[in-house]
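So that you can see what the record holds, here are the features copied from TrEMBL:
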COMPBIAS  208-225  compositional bias 'Acidic residues'
DOMAIN    127-173  domain 'F-box'
REGION    207-231  region 'Disordered'
REPEAT    359-381  repeat 'WD'
REPEAT    418-441  repeat 'WD'
REPEAT    482-521  repeat 'WD'
REPEAT    636-675  repeat 'WD'
Amino acid sequence: MISPNDNGFSDADIKGLKLAFSQHCSTANEATSSELGTALPPANYRTGLHFNKGVIIHEQRITSGGIWMESPIDVKGKGIARSLDWHLATMASNDREREEITYKLLECLPRSVLASLQRRMTPLLQFDVVGALPTELSLFIFTYLPAASLLACSLVSKRWHTLATDQVLWRRLCYSHGWEWRMDVAAPTPWDGLGDADPADAVIREERDEDEGMGDEEEDEDEGSGEGAGDVIDFIGDDSVDWTSMPMNIDDIEAQGLSHLLIPITSAALSSSSTSAITPISRITSQHGVLPRSAHLAPDYKLLHQTHVLLHNRFCQGAYRRRILPGADAGGHSAAVYCLWLWTYPAGLDGRSAPLQVLFTGSKDRTVREWDLRTDRVRRVVGELHDSSVLSLCVSSDFAKSGDGEEALASEPSSAGFLVSGGSDRRIVVWDLGKDRLVKVLQDHLDSVLCVRVDSGRLVTCSKDRTVRTYGFPSLKPQFVFRAHRAAVNAVSVVGDVIVSGSGDRSIRVWNANTGALISTFEEHHARGIASIEFKPPYLLSGSSDMHLRMFDIASSQGWSTNPEVNTIPSSTVPTLTSSTSHVQDNIAMIPGQGMAPFFLHSSLTRSMPDTPRPDANTVVCHACGSHGLAARREQERHTHLVRSVALGEEFAVSGSYDLTIKVWDRKTGALVADLNGGHTGRIFCVGFDCTKIVSCGEDQRICIWDFSHGIDTSFIKL
């Protein structure tokens, strides 16, 4: 064996190595001399080159056979590697021999040299397969990755960073969630001034039976003074939390690259009543509000996705800034507020270059008010149209075309939309928002109109008179009257050609809007009367005076409920498929085309709920792995009074109750996400929400905005 030491190889070692190489290469050269020809001296072989303390290597000669004949007896240690590299490159006849020669040579080297060689060779062993592909193929591979993986890939190399941040990938992710970039972005008007905190005066209400109808509360409720209404601000969340390190569902914020979107919140900021106490990030906001953006800002879908993820996280953390719209002394309502509706005017209306989001509210004071959410001030008051309380309202620009069975109107409807309101005076009022004029007043119901909804060119109303009526929209031509319910119909929801109604008789019924046929009946859907519903195919969310919510997939009979007894419902009370000559098949198409995926009512709807595999309502679902634990749902998670209003989104369900609280639920599992309280001192009548906020109103005359987007630029989000 060759014995290496700190001073290099001994003369005997070098002679032995030279002899071994000569003998090995001699045999190889005889077999390949005709192919190799005369070997040339190595390019790095020179005379007069100094090694190891001044020892000189004299010029060496290569014979015609290619064998190095002179012994390097004057070369000590590592210098032999520089002389033998020529033989390693030319004397071996194949890769296998070169491998063996190289390995023998590496055995002769000290470990420090081997470590250095390993570091130098590592890049030679790495090959970027994805990066070496054409850009189109690389992007196609990346389309299979979720957002967290794309962000991790962007840290690998410059090439991967370019691929992982490509707008095509992030636009696809945004569109899969229904998130759109708002074009023609304009700078919001600064919000100036915060008011004083509101008093926390609890209002205790007696127990009553609300099975018959939801309009009875106006008969015995307190008018309320409206004190405390105004620019009231509360910030909810741990003031010691560094928002840049808040955990995310898919990863933490820093890994998501979201820290640049945040304004740090400190105790100093919370102690001040002015927004100037918040230190903004210059990229997002200025001291006077959100910085103006270009009217034609190029979409940044990665930013859009990250902002939505951050807003989702704030919903999960219950991190909001609450404010209350002005009361009667500043132009607000003077009595209980029963209903609300968020609406966004399109760009270009009234000379505006950007869309404008507003809030409509209806009250016991017989008026409908429109609020500008940029300034929190009243824009318009629609009054003197109802003789009593406004119980429900909605806004829509989804008009049916005259060729779809609709009569041609004398003039084209305004693109601003129509406001529809229903009241306890039995009236349904339709108001043109663009032209600011009355369109028509309908008075076909025999009792209070409890709910009005518009979709796909159809107006649907329900009443305390136990009926549901449909009209063409905006022609308002009567179509059908549904009379199957046995008690007041408290809520309706319409999507496409499907109408869903919920009643005080504890049943939910599904109707075909085109034919008027009753498709399906869900008897005893709750233990008491149903107060509110929202339908987004195929999911149906309902709230009841039994104090519970129930989410139900009418296509698969699966869902969740806050009621632990929902799994013990007798088989005689489960949903039944209504027999009809026009609906005898097991599968009944519910939503025909129009860009929406059709779904079906299956014969499984006639099965008993205990026979349907579903998670136990008392189990807690792990968000990480999806497994079901055995821990019981905490009692305090449920509402303790009638659930008057529900709203359903892509990820969350929101409920408002007479127990003065608003709860946010995970839409898929039913797990409680956030519990919002302290905003109202009276019963909550209506809730609504979008990706940035929750709005609520109640008998205390307050209209609360629970803002989850504080300190974040959301001007580019299409609401």
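Using the three backbone atoms N, Cα and C, a Cβ is placed for every residue, glycine included.
Because TrEMBL annotations are produced automatically, they should be read as predictions rather than curated entries.
DSSP labels the residues of the repeat 'WD' (482-521) in these numbers: 0 helix, 23 strand, 17 coil. Residues in the repeat 'WD' (359-381) partition by DSSP class (helix H, G, I; strand E, B; coil) as 0 helix, 15 strand, 8 coil. The DSSP breakdown of the domain 'F-box' (127-173) into helical (H, G, I), extended (E, B) and coil residues amounts to 33 helix, 0 strand, 14 coil.
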